[in-house]
Amino acid sequence: MSAGTSATGPRRGPPGLEEATSKKKQKDRANQESKDGDPRRVSMPRKEPTKDELLLDWRQSSDKVVVKLRVGTGPICLEEVDAAFTDTDCVVRLPDGRQWGGVFFAKIQSSCTKVQTRKGGLLQLALPKKVPLLTWPSLLKKPLGTQELVPGLRCQENGQELSPIALEPGSEPRRAKQEARNQKRAQGRGEVGSGASPGAQAGPSAKRAVHLCRGPEGEGSMDGPGPQGDAPSFLSDSATQVEAEEQLHVPPVNPQTSLLGSEKNLALLTVEKTVSPRSDSVSPVMIRNRDPEKDDHFKEEMAVGADPAALADEPESMVNLAFVKNDSYEKGPDSVVVHVYVKESRRDTSRVLFREQDFTLIFQTRDGNFLRLHPGCGPHTIFRWQVKLRNLIEPEQCTFCFTASRIDICLRKRQSQRWGGLEAPATRVGGAKVAVPTGPTPLDSTPPGGGPLPLTGQEEARAVEKEKPKARSEDSGLDGVVARTPLEHVTPKPEPHLASPKPTCMVPPMPHSPVSGDSVEEDEEEEKKVCLPGFTGLVNLGNTCFMNSVIQSLSNTRELRDFFHDRSFEAEINYNNPLGTGGRLAIGFAVLLRALWKGTHQAFQPSKLKAIVASKASQFTGYAQHDAQEFMAFLLDGLHEDLNRIQNKPYTETVDSDGRPDEVVAEEAWQRHKMRNDSFIVDLFQGQYKSKLVCPVCAKVSITFDPFLYLPVPLPQKQKVLPIYYFAREPHSKPIKFLVSVSKENSSASEVLESLSQSVHVKPESLRLAEVIKNRFHRVFLPSHSLDAVSPTDVLLCFELLSPELAKERVVVLEVQQRPQVPSIPISKCAACQRKQQSEDEKLKRCTRCYRVGYCNQFCQKTHWPDHKGLCRPENIGYPFLVSVPASRLTYARLAQLLEGYARYSVSVFQPPFQPGRMALESQSPGCTTLLSTSSLEAGDSEREPIQPSELQLVTPVAEGDTGAHRMWPPADRGPVPSTSGISSEMLASGPMEGCSLLAGERVSRPEAAVPGYQHSRESVSAHTPQFFIYKIDASSREQRLEDKGDTPLELGDDCSLALVWRNNERLQEFVLVASKELECAEDPGSAGEAARAGHFTLDQCLNLFTRPEVLAPEEAWYCPQCKQHREASKQLLLWRLPNVLIVQLKRFSFRSFIWRDKINDLVEFPVRNLDLSKFCIGQKEEQLPSYDLYAVINHYGGMIGGHYTACARLPSDRSSQRSDVGWRLFDDSTVTTVDESQVVTRYAYVLFYRRRNSPVERPPRAAHAEHHPDLGPAAEAAASQASRIWQELEAEEEMVPEGPGPLGPWGPQDWVGPPPRGPTTSDEGCLRYFVLGTVAALVALVLNVFYPLVSQSRWR
């Protein structure tokens, strides 16, 4: 450049003066570098390389170029090799001074280049092609000019020497005399210098070939010829002005301070092209403001032919700013808006310069607050801030404008895609990570890796086609301006070290992100990973295990992971949705997901995501415990609102069936739901169920279809094991004892009947369940009756009955009870006066109804009758039973066979030998037998007392209303009158009664004769005296003895029952001894482990409970449109449409009331493979069954007061849910370990994640979403700006997370009630307060759950 500047541009001075100035600056530079402690660059003798010292060989593939340099025979230290890459060229400098570089044939991806060492003294350069599948005919472009060649800068391509690269002479830029002062100033405000300073050197345009230059000292002043022999000129007419905009300017370079020898200056120099020799200066070309209302012109006035010494003493300099307060957001898919907050900026001297990869803001300001931040600067100081952009822009379409408080810059994207941030991320140079500073780099330099992010093949192809017609305008737009900035020879100020975020690591290739396999493998080899991808844990921030388990489970949802990994979600962010977070939640979740799958952290801290969630849901503020399912529902709902494709939600109404087909109503309801809710979350997680309501009064049926995000399936309540004794229809089969598990609450008899039905292979309609108390039927259960009051100690009998459909006629069902004819209970004292029996002559008289008490006389009996009246009833023996006989075959013989067959299992009967002289009672009246009542004989009662005639106190019973449901013996309303003769006067007056006589020798045959279709002859049945009598008890509780009518069927109604009375009276001939015994039965082998399985359920049982009809509670009453009133209707939920990812919540937590809260820890057995839901889904009849495979489980340990969450998950393959790309792992906060699949099913499972087989989620094309992104309003712009800042902050903080192990294990103090040990905003006082409050809450809950129920129960007793 010239030594002076004018109002229109820089001008050249006399050749002699400039040469002297150049030598003076060289001397000053050497002195300064010696003071800075870098004598190597000054004192090391220069070694002139020859062309044979570097041997070049190169090869190419479809997506990259590999260059090999033979630099010697010894080992190479990669840290001493200086390498600089741009998209078009490169420079490699060796420690001994040799260098190689040039302009490539085509563009490369400078951000992905690598420098590696190989055996044999080889240096290998890996250069990814920017346009894959493009074949390079040569490595380097053929130079256009024929300038002097730099010794040693010669290359060979495939063994053949290439033409040398053209160079240009240059000269050392001058330094200002205030260098020391500027260096001190730079410590407070960043880098200071001009276009030729070490921190801001001229660089090539992204479209211009670069030529290396290096000349001897004193050679190449600015008066020397240019590349085409033209001297610089000052342009006067408009035609030459346009040409001047197309020219490139090259400042002279010194060999010791040029790009080739500086580690900080990694950019290449641009080629200067001048137009006309008519003038010795060149006018700068500026980019005008695109705003027609605010068209600012930057004017520079510099004296023509000014003294160079005066320039050196210039008081002001251009200050390169490292940071300016700003924010940015993406306005739609095509533009980015940047707000730079600088007040009182001077419009006449401020402007913005745009290039396709960056922009530079040059301004002056009068703001005192801003100037105080930069000591030594004033209103005339020129500030410069440059931003390297993340992707390419259209410089011609970018605009800017000035306001009183800020500068607004609008960038037009070249490609319509989301950037995810403003500045370009970090990159690598020479195989090592290099962080690109967030501060500016010079406009005329291109730092390595500062180019746009690598594009996919399709995007790159579109970018190449779009770049071709604009090559001329882009090449000539800014490059001429870069070299003509004022004060470019001012002394540079060193830039302080800036703490920059580390670059993000490359993630494994996603299905929707075609990345080169070779480059990915090389990146994985170079990357220093601390764990395998997918084995990164999450730090427990303090009781945040509920959040960690949910995030880890969702991160293993294959479709969701890929959707956020390849950044497809960016095109669907809805900034206008007031129900969302403006994209902040989606971006935060995406960054967290990427960190979990990079493998660069042992544990990651999800504090940013928690803060975003807490800003939207205040219940998650702080570090209290929460429900994992509640957090999961909020997170998925928040992601849905952030990604909702609907910008303006229309009003919709609930769709009712009104008699229409379910298929039509369901589809209409789903489409209406999609009119307001359409996102990737809906496509992946949401299903649809059918809700059916039935009014109990008018039978109005209402059917609606509603969406669901997860299925909250209830668990059966705590189980109880009930012993059930099953009696087959025929008595020859021994009873079988079954153990059946039912719920302690809300259980019904139908559960038992269905369970037994599956065991005995009998229809539930043919079974009857009855409860037995004190050897009599207490009640017979209908299928709908509740079993809540039944305890495991109660006796339950189940009987198989003959169905009328099978018999094809009326079937008579009879209840049968057993009792002895005469009880054998000794009596020692009077029940009324408590006087003991004195002698045999004064025996106590028994009560003839119950035979359980005795009296001295009738007076004592009448006195005691009020107390004895309620207890006066006979007691049965054995077990009662039910018999079912067809009406046409109900003969006395058949009935006797059935009764004796059933009775022998519960009573012991023994007939003693016949004793001559025993009194026969056949001649007595029937009243002696029909009115006798006995008490039950205790099993094992050896003390027996002979019954004398005087002890038989008989009375005539008077019927009384039966107060019991199954009362077999009515109490008398008046007391019996004792008689010393043993026979009352009423019986004597009654005379002979019918039915008393019995046939001699009558005996019942064996029960085996009761087989259907087999009938014994009457002679065989009547061969012996019967052991019992049969009495019929009618509805009025009156008894009548049945008579044997031969083959004539007995006439018995359905409202009567039977009593089997054993002949145990010792005064009768052939009496029997009878006593109760334990029921003879066989044990069911399948019930052996029922007690152990009492706390085990299956997922099918839970789904059955979910789909079972239930009656609404009064507070949930449904408004019937037909009755016009709220009704406690019957509600039933049925699955209609199943999602691709099914989430099932096991409702382990029971909230019956504020006091009664409980957690069910019983095991729920759920399938890991092949969950078939075809029997639960009534809609969408498809060819393939809805089969699901488990891929994640959230576990909860502990109870209601405190607990801990963990997760088990695997990453299913993208093609088949049965296979896994990453196997099962256990996520316990920051600890991640592998587990076997058999260890996944535990009693602590809380939330289950299933993936459907053979049902991929189709993503809509990105172009289809263009209509969902109209121009954003002010509120949406603010949300987009904040979301963009969060994306940058999260990416920056992603690499600064502590990698050590997290908190304590699963039972550590952080997972229980208490404050976090290291909360970011929690002080020691706050921790103590949280601990005290948590302890008090735990004590209150303990009192309410334990002591209050005890007090309340004792009160009601």
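Backbone N, Cα and C atoms are what each Cβ position is placed from, and that goes for glycine too.
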Can you dig out which of the ranges 314-356, 357-399, 615-657, 830-872 Swiss-Prot describes as zinc finger?
830-872
From Ser276, Ser283, Ser500, Ser925, name the one Swiss-Prot lists as phosphoserine.
Ser283
Which range is it, out of 962-981, 1202-1221, that shows up in Swiss-Prot as region 'Disordered'?
962-981
With DSSP as the reference, give the number of residues of the domain 'CS 2' (321-423) in helix, strand and coil.
8 helix, 45 strand, 50 coil
Excluding Cys847, Cys850, His868, Cys872, which residues of the same chain place their Cβ within 8 Å of the centroid of the Cβ atoms of the recorded Zn(2+) 2 site?
Arg849, Arg852, Val853, Lys869, Leu871, Arg873
Count of other CB atoms lying within 10 Å of the CB belonging to Cys850 (Zn(2+) 2 binding site):
21
Translate the DSSP assignment of Cys850 (Zn(2+) 2 binding site) into the three-state scheme.
coil
Just how many other Cβ atoms lie inside 10 Å of the Cβ on His868 (Zn(2+) 2 binding site)?
20
Validating a neighbour-count step here. Other CB atoms within 10 A of the CB of Cys872 (Zn(2+) 2 binding site): how many?
21
Let me know the DSSP-derived helix, strand or coil state of Cys872 (Zn(2+) 2 binding site), please.
coil
